[in-house]
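A.B. asks: Dropping a structure here in structure tokens format, bear with me for questions.
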Amino acid sequence: MEPGLWILLGLTVTAAAGFVPCPQTGGAGRTSVPRAPRVAGSEGDCEDSVASPRRQTVAPTAGKGPSPGSPGRGQAAEGDPGHRRVRRCTCFTYKDKECVYYCHLDIIWINTPE
């Protein structure tokens with residue numbers, strides 16, 4: 001491959017590695033919902049999906065399948081966003097190696113069976 005293509009590929013991967021999109025609610029009608037202006041230091045913050053790195057968040061039915069009386073996937077198709085996994089790390093970018101390292105150590109520690 002030519003060096004220019006390698007550089008383009010490397011820049012694309014590097015740029016994509018630090019991007020963590022915040023979930024958007026409301027679908028096509030989002031324009032009618034007023035949003036607060038972004039604060040300069042708040043890049044990477046998702047208020048409704050950020051969890052403390054020390055707090056373990058597990059759904060009450062995480063290990064169970066759908067119960068016989070529950071609608072299952074049909075409920076998610078009707079407009080319910082379904083189960084969304086919360087963000088455990090509050091690192092602003094993946095380029096913050098120290099934050100990512102300690103956050104993932106904490107996740108591994110929490111998920112390790114005794």
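Placement of Cβ uses the backbone N, Cα and C atoms for every residue, glycine included.
Per Swiss-Prot, signal peptide is recorded for 1-17. Residues annotated as region 'Disordered' in Swiss-Prot: 24-83. Annotated disulfide bond per Swiss-Prot: Cys89-Cys103, Cys91-Cys99, in sequence order, evidence recorded as similarity to another entry.
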A.B. asks: Sort Cys103 (disulfide bond) into helix, strand or coil using the DSSP assignment.
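C.D. replies: Assignment for Cys103 (disulfide bond) reads helix.
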A.B. asks: When you scan the chain for residues with a C-beta under 8 Å from the signal peptide (1-17), skipping those not six or more beyond its ends, what do you find?
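C.D. replies: 94-95.
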A.B. asks: If we count other C-beta atoms within 10 Å, could you say which of the disulfide-bonded residues Cys89, Cys99 has the fewest?
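C.D. replies: Fewest other Cβ atoms within 10 Å, among the disulfide-bonded residues Cys89, Cys99, is found for Cys99.
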A.B. asks: I'd like the number of other C-beta atoms within 10 A of the C-beta of Cys103 (disulfide bond), please.
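C.D. replies: Summing over all protein chains shown, Cys103 (disulfide bond) has 16 other Cβ atoms within 10 Å.
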A.B. asks: How many Å separate the Cα atoms of Cys89 (disulfide bond) and Cys99 (disulfide bond)?
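C.D. replies: Just about 8 Å between their Cα atoms.
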A.B. asks: For Cys91 (disulfide bond) and Cys103 (disulfide bond), determine the Cα separation and express it in whole Å.
C.D. replies: 8
A.B. asks: For Cys91 (disulfide bond), which DSSP three-state class applies?
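C.D. replies: In the DSSP reduction, Cys91 (disulfide bond) maps to coil.
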A.B. asks: Relative to the Cβ position of Cys91 (disulfide bond), how many further Cβ atoms are located within 10 Å?
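C.D. replies: Here the count is 20.
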